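Trainee: Below you will find the structure I want to go over with you.
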Amino acid sequence: MGIRYNWQKDEILAIYNTPFLELVYQAATVHRQFHNPKQIQVCKLISIKTGGCPEDCGYCAQSSRYKTEVKPEALLEKDTVLNIAKKAKETGVSRVCMGAAWREVRDNSQFEQVLDMVKDVTSMGLEVCCTLGMLTANQAQNLEDAGLYAYNHNLDTSEEYYSTVITTRTYGDRLNTIENVRTTNVTVCSGGILGLGESIEDRVGMLYTLSNLQPHPESVPINILSQVEGTPLANQPAVPIWEVVRMIATARIIMPTSDVRLSAGRAKLSQVEQALCFMAGANSIFSSDDNKMLTVTTPCPDYDADRQMLNLLGLEMRPPFEKQGKTPAGQVTE
Ligand code: SF4
């Protein structure tokens, strides 16, 4: 099967609803055609600016609108970020994702500091991803010039359900930022969250939008909601593992070349459940040294536990810059 950018919602729904084992088999088959099934990309997320965000994303502990455990912090010092990145690299991590709880990037000294961090972490031989909120084409260019490998900007859910979860920006704003990133060679990381109270049609709707982007996002994170006390979505029921696997498998089949990332919520899954996700085509994870992913409320398995799991499953960590022929300087070589 080739790569398609014209998937229809009914086709995606039919894939999602395929009998479970058949679906996993089909996804595993596609996975083997387009990827080395032994390799898993391991990423480290660093929250470079935590809390105090003016946006109202109903799932987020960092929104200033909700009373959560997260307290606003200043932008991290570059040396702190470099130390975390160095430690991550020593454990085999290939990508460092730097997240700031901003609505949008402003052309100020803080952005200059982030550009500096991107430059220095890239020169350590690591792929760098940023998630900084909305971005102009010019700012995307500045990030590319600093060596940025990827920009994360999630769609979260379907266009129809989006305003139930977030009111301070629109789906169109999200797509606009993705388009701005696409004016550069920086790769796109965009996915969503399961467990927001969305219907299966909403999940399909999100995959429809992602799979109709040309090219597809190089990275598609599938997150499972971490219910954070104090947020509007604190009481959402847990997502059954079967639905997580269905979502991963469907994303794998319709966006065969993308990395599908098992992201937030992985700490809640057993190793057997994670193995099922890898079988269904997930080939990227976040790992950490402090059991924290983004904030105090989003747990993440630690490096040792993950190394042990990958060994157990006969999987290996993918080295940096192995995909898309990108070099540390951020130039596409093929
Ligand atoms: S998800 Fe991002 S944009 Fe939304 S409130 Fe949290 S930090 Fe802000």
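Residue positions begin at 1 at the first shown residue.
Placement of Cβ uses the backbone N, Cα and C atoms for every residue, glycine included.
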Trainee: Check TrEMBL: it lists Cys97, Cys129, Cys189 as binding [2Fe-2S] cluster. Then name which of Arg32, Arg252, Arg261 it lists for that same site.
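Mentor: So the [2Fe-2S] cluster site in TrEMBL includes Cys97, Cys129, Cys189 plus, from the candidates Arg32, Arg252, Arg261, Arg261.
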Trainee: I'd like to know which of the binding-site residues listed (Cys97, Cys129, Cys189, Arg261) lie near ligand 1, counting only a CB under 6 Å away.
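Mentor: Passing the 6 Å Cβ check against ligand 1: none.
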Trainee: If you skip the near sequence neighbours and keep only those at least six away, which residues in the chain come within under 8 angstroms of Cys189 ([2Fe-2S] cluster binding site), Cβ to Cβ?
Mentor: Cys129, Thr131, Ala150, Tyr151, Asn152, His153, Pro217, Glu218, Ser219, Val220, Pro221, Arg261
Trainee: What's the CA to CA span in angstrom from Cys53 ([4Fe-4S] cluster binding site) over to Cys97 ([2Fe-2S] cluster binding site)?
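Mentor: Spelling it out, the Cα of Cys53 ([4Fe-4S] cluster binding site) and the Cα of Cys97 ([2Fe-2S] cluster binding site) are 18 Å apart.
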Trainee: Between the Cα atoms of Cys97 ([2Fe-2S] cluster binding site) and Cys57 ([4Fe-4S] cluster binding site), find the distance and write it as a whole number of Å.
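Mentor: Rounded to the nearest whole number, the Cα-Cα distance is 20 Å.
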